[in-house]
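For reference, the structure is listed below as structure tokens.
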Amino acid sequence: MGNSTETIIRESLDALMDDQSFLPDLKDSERKKAFSSLHSILSTPDHVNKSYLRIALEDGEVERIPAFRVQHNKILGPYKGGIRFHQSVSETEVENFAALMTLKNALHEVPFGGGKGGVIINPREYSPKELNLICKKYVQNFNETLGPDKDIPAPDMGTGEREMDWMMGEYKNIHPGQPYRGSFTGKSVMNGGSLGRKRATGKGVYLSFRYMMNDFVKKQEKWLSERDNRFAKTALSYVDKPLSIAVQGFGNVGSIAALEAYQCNYLKNKVVAVSDHNVTLYNSEGLDIPNLITFANDHQGDLPTNEEQLGEAEVKAIIRDRDDLLTLDIDVLILAALESQIHQDNVKDVKAQIIVEGANAPITSEADHYLADNGIIIIPDILANAGGVIVSYLEWLQGRETQFLSEEKVYERMFDKMKETFDTIFPEFYGDPFPLRQNCYIHAVMKISTITYRQGKLY
């Protein structure tokens, strides 16, 4: 497990152990043993499954591709988490993200445990036929661990509804006559997927920013002004001010978060910069996000990289280095690309006062502490990007109950679920000395610890 997640789990358990109102039945040495058990349980996965996918490529060459499925904890329900196709995938990374899924589901009271999968490939280097074979082999090799009531994968970086359709189809072939629609979520609607799933994570990312910095702050402005809290002071300094927003990553999450910000006329904020793996585009007056999305959809997901392409996209922008986005003089930074993007080497150059984690673990532990100590508000991944798993749960429910929710109803239920969490977390965050990430972890760990204890699994 990555050091940052393990550290915050340990810190959360230490804080809860000192709080005698939490699990008050546990006293003295018994309490110490129980919390030691909880640390062991939460800091290690239940299962780490590794395999090599034997793939015959179209040119006749055979490759053996490393693949993983990590199942972290199932105390709340079946394991749940995405499968990422990326060249940076590693066993440690997948373990870390599986633990994060356990905590994310607990925080938002989604009845799933935590899991994660990964395949070490650059999907751009494989044909559709080869990717189809990789997906089928993944299901074949991990077949014994998967299922609607055991472990339910979903899309992640490098995968989407196409890959989930392929995987569900293979699961169905292996298990004839058995329930299969709930074996994967994030599928196409025609294969039992939910309306709204593709845009859910990005919409949730923007909602978390808007609700925290506008809806909640305006409702609690007087109360916040009385708090001796560095984060409350940061939030109040931005009330009723149009903000400049930069979005790192223009894939499924980043592009939708950028579009939500662009279309939110009520707040009059401007998306002044976006970036992908090639380039940063900047315009202090605001970028035309719909035109950029149209261009990216027509160019394999890539943003314009030269003046000719900007003209084709009908977008006015300055072309800059892709890494410049992180250190621009802007108010809000939405991180929707890879992990560890802000680290000890660049953290002091970050000028944004509000950071939203659309990606998982985009800030290293050292950088996270530095930013929090300087009053910068970080809306963490565990809170901000939960829209995807919430709608995945709704998709799973729809498959079991053979009902079909409208897109409007899906988003309504997703927003309601996220707002319930916000209304629990934000007052404590602005009233306590802990950063928002640790507040979220403490709540998630409380939920898991209580259920683990009540089920008699600490002995």
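Glycine is treated like the rest: Cβ placed from N, Cα and C.
TrEMBL labels come from automatic prediction, so no person has curated them.
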Given that TrEMBL records Lys80, Lys104 as binding substrate, the matching residue among Ser365, Ser392, Ser406 is Ser392
Can you see whether DSSP assigns Asp156 (site 'Important for catalysis') to helix, strand or coil?
-> coil
What three-state class does DSSP give Lys116 (active site, proton donor)?
-> strand
Please work out the number of neighbouring Cβ atoms within 10 Å of the Cβ of Lys104 (substrate binding site), leaving out its own Cβ.
-> 27
Looking only at Thr201, Asn252, which of these binding-site residues has the biggest number of Cβ atoms within 10 Å around its Cβ?
-> Thr201
To test your reading of the substrate site: which residues beyond Lys80, Lys104, Ser392, same chain only, put their Cβ within 8 Å of the Cβ centroid of those residues?
-> Gly81, Met101, Asn105, Val110, Phe112, Gly114, Ala154, Ala386, Gly388, Val389, Ile390, Tyr393
